[in-house]
Each structure stands twice: as structure tokens, then as C-alpha cells.
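According to TrEMBL, the features are:
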{"type": "ACT_SITE", "residues": "B:Lys66", "note": "active site, charge relay system"}
{"type": "ACT_SITE", "residues": "B:Ser141", "note": "active site, charge relay system"}
{"type": "ACT_SITE", "residues": "B:Ser165", "note": "active site, acyl-ester intermediate"}
{"type": "DOMAIN", "residues": "B:21-449", "note": "domain 'Amidase'"}
Amino acid sequence: MAYENKDQVKIGLEIHIQLNKLNTKMFCGCRTDYQSDEPNTHTCPICLGLPGALPVVNKKAVECAIKVGLALNCKISEYTQFYRKNYYYPDLPKGFQITQYDYPIAHDGSIIIEGEDGERCVRINRAHMEEDPGRLVHEGSIEHSKYTLVDYNRSGVALLEVVTEPDLQSPKEARRFLDKLRNIIEYLDVSDVNLEGAVRVDANISIMGGQRSETKNISSHKASEKALLYEIVRQKNVLRRGKTVVQETRHFDEAREITVSLRTKEEAHDYRYFPEPDLVPFRIADLAPMIKETLPELPDAQRERFIAQYGIQEEHAKTLTAELKLATFFEEVLFKGADVMLASTWIADLLKGELNYRGKTIDSFSKTDLLEILSLLEKNKITEKSGIEIVRTLLDTQNQSVSRIVKGKGLLRIEGDEVTEMVKQAVEGNKDAVADYKNGKNEALNFIVGAVMKKTRGRADPKKVRELIIQQLHTTQAGINS
Amino acid sequence: MITWQSVPETKRFIETEGAAEAVHRCFERIKQNDFNSFITLNIEDALSVAEHASGGRLCGVPIAIKDNISTHGIQTTCASKILTGYIPPYNATVIERLEREGAVIIGKTNMDEFAMGTSTETSYYGAVENPWNGRCVPGGSSGGSAAALAGGEVPLALGSDTGGSVRCPASFCGVVGLKPTYGAVSRYGLISYANSLEQIGPMATTVADAALLFNVVAGYDKRDSTSVKKQFDTTEPLDMKGMKIGVPGEYFGEGMNSVVEKAVWNAVYSFEDLGAEYKEVSMPHTKYSLAAYYIIAMSEASSNLARFDGLRYGHHAEEGDCHTSFSKTRAEGFGDEVKRRILLGSYALSAGYHDKYYLKALKVRTLVKKDFESAFKTYDMLLAPTMPYPAFKLGEKIKDPLSLYLADVNTVPINLAGVPAVSVPCGFENKLPVGLQLIGDFFDEKTILQAAHKFENSTDFHNRRPGGE
Ligand SMILES: [Zn+2]
């Protein structure tokens, strides 16, 4: 079904990504691994904005930004320059933020996402660098706290801001874009996007007949979708009442799942951007080709390769490459000799499903365990049902091993004489069903299969059991006849 | 009382009497003069450092530091109420380099608040007397450093020059002051007024001492991204024969004192006598320099001074929420001239005016720079008056900011272009010193310092002392 976008929804996103995989901050040597440390222990004259201290650009951060720019198919500027964005806030120790304005590191790119009706090309306006402000801490809630504490540990951490054109047509597309961007960032290894506050989104949205609103500082992809869905409803309501949607900045109240107005266009800050005189413009054109060569395989390319090289299903390839760790897990399992089809199904469908159900990641499952399970499956030693039981047991209990579970639960497949004997007993013990079958009732056969499976606790191959029953029935028939 | 003044004389004194005694004499002299040249004296620390002085090019030599240069453990105020009580937890790069060479920091010198001024009258800590005439200003904004030198309080001082702040007081106090090429000296630790224009500059009573101090503090610093990877050696003597000197006519404009004009021309002829050739040269964009300078300097200042909100250090006014508290802190902490420049700078950068003022000023700056680049294709050095007149009276101009701004007419083009210039004494008017400005090509401090040295050797202006000592 074609997507109409009858409200002419236009969404543009600004995504701030903390480059928290860098060891040091954007303009000073302070370490970025402050998460579990005391407040204001990762600071120095530069990130505290002390008088006279000067910033020095972290070259690695610039390289990270170029990496992301290239991965988003952007052009890399020949020269790049930093600017000052002037405003007062207690978390901003210099009274301005060092950011970029003209001459951002990367510009004019695009990525393709799965849109409402087929592929959607989302243009990237720019990707630029800036410094993170400090963090305000309120005792209790903002409304009731008597004072505000400032922690400058975060102050000066390198941020990358990615700005899209308003090419997204629905909140769902916005979420898919964010997922994809996150995916690419993960593959590039420039940020641990799972850390608190590592990704923050500002979402611009307009509908037909109105101006755009900007919702600031949304902390998750899910919240972005919710904020945008709310904004469509709100803006439609405004228009329905015959009023106009005004340009304004809004804030997403995560608890109530609504947006509230922060300031209108008239109240907008004049940031008085001007070139940062303490940092001279510098040439990055020469860095780009070298960095391009070191770019890792990105999710799209890897997905295509998985399909072409391993012949796995497209859906499986998509699931596997939506998460770098899953894709790596898959390839490592293959490298250790697992069957491709078995591995792709088991990782992408079964294991991933069980992990999602438990809110766990692939980190909580061992490759050796999976290899053991796959090998048992391949050799027909256990049934698929037993395989799932092993996976669940491993995920839900500690200090377990595949062999111990198999032994403990008696999950090894029952074969040969043992099954034949059980079939024999079932045929003898279900005289009515046998009679029904002989009178042409084929369903009666299923009843006998069921009885055998119950007795083996699922450890026999139902197809084989069925064959054996038919065989048995025919021998007994022959016996009677003779 | 003090029998020494230059660095070599000081070193000789230290050899016989010891560095601690030299430092002790400095403090005595400061007390006796009472020019208000210092904001903070580093008495105990200086005496103990002097006692342990051992080695270095400035071993045991006392030095005064302008109070906008960060000194670890010593209050650094920029002569502003807003930074009262602020003790930096780190040293500026120049301080590290001085300490490495054994220099002894005597104290922090008075200045115009945040280096915004031409007379040292905007200091929160009060005005400074010119040692030549107590009713006159010492010039600014490094007025405390210049007065300390002229008053025989120290043999060396550091100033900073954003639009003439080293050269103007050097000229008014009859000492030597160098504004190095932009990027020659690290600004790390210099509390910014207008980052793209300013340099820390050496000040002394002789050209040789200023050159020595320059050689100690200059050179690349990885903590200042605008500092340049260059080695400086200004010690090699220069032959004046055949040297080409340009004299820019625009630097002898309206309102110039005729005695100053005569003194500068006499200096030009002295260079001719030394074998140089001179020619008058035109620098057509000079007349736009002042306007461009003030717009750029104020714009940068409006942003640089935003950090003084009282939240982390310095003066703090407690009132209401954080924004009210910021406003009150700044209202109480900054003086009128600083507020004026922050307001004008914010205006020049604001939406709707940014292109008209800030961007236009940047374009003028490029043209001014081109004037110098083309002049230095022909000439080795330019000569001009440092200031259009000698020191004026305390209180004479402070109520009229515009007339004060106009005093910088001959110094600001040098900062806009980024070239080096040194001011040396070249005469007297009404018993007040007159300064000659020697302007050099980018990173050619050597030429102007060597030429100034030759000039000094052929004249005796630098030997005269206030009060005829
Ligand atoms: Zn830091």
C-alpha cells in the first residue's frame, strides 16, 4: 500500500553523538571515562574555562568526525573551522560553546533507510564537531530542589552533531533513521551509544499549513518517535481550531509523553556566532582519503555480503547486521565450522528472539555453547525443541554447560531399537486407534504418533516415529493375515 | 638607592650582594616610589625563590608581571573587581619559561581593567603615576609595568599588547617595549581581551634586555594553537648599511604634537647617519584601522569576558536564580569601560549587524595587513611615532572615551596586521619621554631589535632617568 503522507509531515533531525570512545576530551587532555567517578574530578583549566586557558583540538576527534562524515556519504570540507556560540548557562563555563558554523567537517551526504513506501533517501546537511557542556544535578526534582549542583566532568567531551534535511515523512521513519545512524556509529567504533546521554536528539517537525517546531534533548529513539507522534497530533489540533502553528522550541516531557513550549521564535537566542580566535582554521582535505581507506565494512555492505557470500535469507542478514556484535558473533561461529543455514537461523531467529525476550544482548551468550548446540543439531543428536530448551536454560540459569543440560534433562535424541520398542508398545496399547486407522481413519495415526512422542518427551524424530508406526502396523497386519 | 637598572648591572649586583638582596631592594623602591604600579606583591615567595636561585639566563633577576598573566598561587585580577581573590591553579607558559631561566617574580603590575585602556586609569585598584610626572598617566594598558621600569623598581617586566598596550606605556614612560609578531609568544595563561590581536610583550630599560627577555619567552607552545613553530635569535648583530627604511606619512596625522614629530624625524636622520636609506611610504588603509580594531577587539572581548559569572571564582553576588546572580555579579564586578566594550562588541556581533560591523572590520583588517605586506616587499623596517603625543594628565581624557581611543591611532594597525613593533625613547617634550616605533616584517623581530639597539647606542635618551637620577 502506498504511503500518502496526507498531512505532509516533514521531519528533520539533529543528533548529538558523544564521541565517548576517545580517551580524552575535545580540547584538553582530561580523560573521558568519568562515568563512575566523583563529580568534578575530570577537569582542568581548559574544560573549566579558567581565565587564560586555551583550547587545543583533539586530532583523533576530528578523525572520528571525518569517519562518520564519510560513512554518511558526505563531502569532507577542505578546511574546517571552529566557531563560538555565545550564551549564558551554568553548565557552560566559558559563557560560550565551541562548535562549528561555516566550514563544518562534513556536509552534503545521504543515507538510505526503509521508508513508509520503499526506500527513502535522507539527505544529511552536515556533520560537525562541538564540545559537550557540563551537567546540572538537582537534588530531588528540578521544581523542588533548593539548589543546583554543576558537574564539569562532561564539560568539553567531544560531540558530533549530525543534521538531516527535513526528508523524513513519519515518526516511524525518524526512528528507523536513528536506528540506522546508531548502527553505523557502532560499526565505526566511535561511540558507545549505550552509555547514558551518549545520543541526544533535537527533532524538527512541521505539517501542512504550519511552521516547524523543534523538540529539544530527546534521550532515546523510542522517545523521539513518541515526541513526534505527539507533535503531529498537537499541530493538527492547533490547525483544526483555526489557529496557526508557530515556530518555537519545545521540550519533551518523557514521563507524560507530551511536549511543552520552551520559547517562541521571538524569544530565540541570538548566539552571535563568530570564528573561535584561539583555534586557527585547519586543512582536513588530506586526511579524508587516508581515513576512507581505514573505514570498516559498514552494515549495508555487510548485509549484501552475507547474502551473496553465505546465501542466507535477506531477513536473517538484516537482523544480523543491525547489530555489530551479532554479525561478528555469526561470522565467528561460522569460522569455527558451524553450518551456515543452521547458524543464521539459530542466531537471527531463535537466539535473538530469546535474548530480546529477556532484554539481553549477545554478550550474555557464549559462542562455544552455541557451537555445541549447533553441532548436536547437525548430527541429529537433539531435536530443535531440545535446542531451544538448552538455550533457555543457559540464559536463565548460571554455571551451566550444554553437555550438563543435555545429560541432566536427558535431551539426547532416542533412536533405533528404543524408539522401535516404544512404537511397538504404543501400537499394542492403543488397540482402538489401530482399529480406526485400519478402517481408513488417517487421523488415528497422529494420535499414536502423539502417544510415542509423549513417551519420549519429544526426544524422537516425529517423522521417523510416523514411519515406524506405519511399518509396525503393516507388519502386524501381515502377521494377522498369515 | 638602587645602583643598577639593566640586566647586566643587576647580575653584577647579584654576584656581590646576592639575589635576595636585589629582590629586597626592589620592594624597598616600590614602597618608596608609591606609584601604585603593583596590584599584588609576591614578597615572601620572591625572597625565597631568590635565595635558591641557581642558574639560567635570568638567574635571580627580578621581574614584574602584568596582572593579566596567570601565575600559579599568585592572585591574578586583570585589575578588575570581578577577579578579586582569584588565584590561578596554573602558570602561563611565559611564567614557566621565566622560572626555568631563574627569574624572580616580584609581583603583579597594575593595568587598565582587562587591558581596556590607554592610560591605566580604568583599573579597579586605582590609577598609576607616571614616574616622570606624578600628575601624568603612565600610558596603558601595561602602565604598571612601564612605571615600575621607569621608576627603577625592576629591571624587567612583561606586558601585553592588544592595540598598543606595551608600546604606549613604554613611550610615555621612556622605556623599551616590544609587541612581538602574532604567534611568536604563547598566549597560554594570558587572560584574553582580544585573542586575535594580542601578544605578551617584553619591557625593559634597554633594547638588549628586552631582546633577552623576548628570547626567553618566545617560541612554539603546543598549548597555544596560534603559536608558531619558529626559532628566534635576535642576538646576531645587523649592519645598518643599505638598510631600507619606510616612513609612512599616515602616521603623522592630525593632532600630532610637533615636538614628537621632530623627535621621530631626528631619529630617521640618525638611521641615515648609520648608513640606512629612507623613503616616505603610503599605507592607505591606516585611516580605517581604528574603527576596525575597536570593532574586532570589542567583539572578541564580549565573548571572552562572558566566563566571568561569579560561579566558580572571583567576585560573586548572590541573588535569585543563576541568571539574576550572573547579572548582578557582572554589574558589580565590571567597570564602565569594560561594560561599554562588552555592550558594543555584543552589538557588533548580533544578528542583523554582524555583517555590517564585524565582517566589514575583518575585511578592513585584511586590507591593512596587505598595506604592510606590500611595504615589506620594499622596506626592511618602518619608522613612526609610537604615540601622537607624550603622556597626558591624569583625568584629562578618561571622561571622553573617544579621544582616548584616538590615541591608539599609530599602534593598532600593527596589531591588525600581526607584525612586530618596538617602541624606544627618542626624545623629550616638556620633560616627558617620546617614543619611536620601529615596525618589522612578520617574525623579523631581529631587524627591529638590532636597529633599535644601534639607535640606542647612538643616542642617550635611554640613559636619562626620572628626577635626573
Ligand atoms: Zn580538561
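Including glycine, each Cβ sits where the backbone N, Cα and C put it.
On the 0 to 100 pLDDT scale, the domain 'Amidase' (B:21-449) averages 96 in the predicted structure. Of all Cβ atoms in the protein chains displayed, 35 besides its own lie within 10 Å of the Cβ of B:Ser141 (active site, charge relay system). In this structure the alpha carbons, written CA, of B:Ser141 (active site, charge relay system) and B:Ser165 (active site, acyl-ester intermediate) are 5 Å apart. A straight line from the CA of the residue listed as 'active site, acyl-ester intermediate' to the CA of B:Lys66 (active site, charge relay system) spans 11 Å. Counting Cβ atoms from all protein chains shown, the residue listed as 'active site, acyl-ester intermediate' has 36 others lying within 10 Å of its own Cβ.
Cβ-based neighbour count (10 Å, all protein chains) for B:Lys66 (active site, charge relay system) stands at 31.
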